[in-house]
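Asks: Structure below; questions to follow.
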Amino acid sequence: MGADAAIGQIKDAKKRYAAGVLKYAQMGYWDGDYQPKDTDVLALFRITPQDGVDAVEAAAAVAGESSTATWTVVWTDRLTAADMYRAKAYKVEPVPGQPGQYFCWVAYDLDLFEEGSIANLTASIIGNVFSFKPLKACRLEDMRLPVAYVKTFRGPPTGIVVERERLDKFGRPLLGATTKPKLGLSGKNYGRVVYEGLKGGLDFVKDDENINSQPFMHWRDRFLYCMEAVNKAQAETGEVKGHYLNITAGTMEEMYRRAEFAKELGSVVVMVDLIVGWTAIQSISNWCRENDVLLHMHRAGHGTYTRQKGHGISFRVIAKWLRLAGVDHLHTGTAVGKLEGDPMTVQGYYNVCRETVTKTDYTRGIFFDQDWAGLRKVMPVASGGIHAGQMHQLIDLFGEDVVLQFGGGTIGHPDGIQAGAIANRVALETMILARNEGRDIKNEGPEILIEAAKWCRPLRAALDTWGEVTFNYASTDTSDFVPTASVA
């Protein structure tokens, strides 16, 4: 869509910098002929202009307000390399099937950003434009981060390959569970849950997002009892085990204190919540790199701005930022569980975490090729309302580089926690064996599980309890280029 001549950039310097108010496109924030440079940061926004606001002018406003513009002409622009520093909206297209919405592509010169700082990147890209009155709504759908910029970040402290080597576990997804109930248990009872899950065959057990240091269980007690459980389970099974010790706290000083204690106890992994903020995430990532500890990221709070299709930030962008910031594990959705997630869209999140180069794929919501410049890969985590009866779907959708976390699907087992873990481990090993034998696990999966359940009572009980449980609701965040998929 080209700019109307009436709002094209004013080339005459006297008119362009005369005191007063100009349209953003007139100030140069729209350039339909611009060809992005390899070093540009590119952003794709979904915008819904107010009635009567031209889509091109709205796109130019987004470019302006996320770079150098203000509401009026300022002569101090002439003291800068304004033409270079000015972000440029260079393409606008209607969103398929969404009247009144437009995709707009914006290019930013690399010099606008501080190296290695997600806080600075987000302050520009999302810092101001989402409250801008000429827009009814605005959503950041995707970004292309140039190699020159990616190389300024350290990325995951461990990565998938090294994690598997440390754990000595290959060729299958990792298994986990979140301790339930998430709040209220004493330290000793909490540790017993951890032990039972690990003894039954899980690789990890996990603190939930809101278990920190409350009156019913001080964080130090939790760490001590959990690591006692980990060590006991390791000794009895001969496998490396772990528990995601949540070190989220009110200050960085306290987070470091908890991380140091976790390391002293021999933990291979610590956990933080997304809500601690970008600077805290990058800081604790650096600590994990220096101390050879895995960093598990719980995406607590993301749904407040990622779920609605018209306004906010797509989770694929959050996943890109977190890979730069440096996390080893990231909750990325299940598609078949209780939480929001269209299957193809969720696969796009996984691609962002695990690929060396993420290719454009509109059906999965990916609008740009992204070269990760050798950054280590993030292990995606599927968690939330999944059970053993869905094992074939999960492996078919996500492959083997994933942590499958069955919280209620382990701890809610009718024969106890250890039986729940056994059911999940047997279902996993059975499905991986079937896959390796060349069977069609997507279609034969239920039959394969039923056959395995004949000789595994815990799996049979799990299938009897949850085999018919599904969460088939229409997703709110889906690709605009395909209908909502179903995995039922």
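Backbone N, Cα and C atoms are what each Cβ position is placed from, and that goes for glycine too.
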Asks: Given that Swiss-Prot annotates ASN128, THR178, LYS182, ARG299, SER383 as binding substrate, state which candidate in HIS218, HIS329, HIS331 belongs to that site as well.
Replies: HIS331
Asks: Please report the three-state DSSP label of HIS331 (substrate binding site).
Replies: strand
Asks: To the nearest whole angstrom, what is the C-alpha distance linking ARG299 (substrate binding site) and LYS180 (active site, proton acceptor)?
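Replies: Cα of ARG299 (substrate binding site) to Cα of LYS180 (active site, proton acceptor) measures 18 Å after rounding.
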Asks: When neighbour density is defined as the number of other C-beta atoms within 10 angstroms of a residue's C-beta, which of the recorded positions LYS180, LYS206, ARG299, HIS331 has the lowest density?
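Replies: Counting other Cβ atoms within 10 Å of each of the recorded positions LYS180, LYS206, ARG299, HIS331 gives the minimum at LYS180.
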Asks: Between ASN128 (substrate binding site) and ASP208 (Mg(2+) binding site), how many Å separate their Cα atoms?
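Replies: Here the two Cα atoms are 32 Å apart.
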Asks: What other residues of this chain sit with their CB within 8 A of the center of the CB atoms of LYS206, ASP208, GLU209, the recorded Mg(2+) site?
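Replies: Apart from the listed residues, the neighbours are THR178, THR179, LYS182, ASP207, ASN210, ILE211, TYR244, ASN246, MET271, HIS298, ALA300.
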Asks: Looking only at C-alpha atoms, tell me how far HIS331 (substrate binding site) is from ASP208 (Mg(2+) binding site), rounded to the nearest Å.
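Replies: The separation of the Cα atoms works out to 12 Å.
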Asks: Given the recorded positions LYS182, HIS298, and counting only Cβ atoms in the protein chains shown, which has the most within 10 Å of its Cβ?
Replies: HIS298
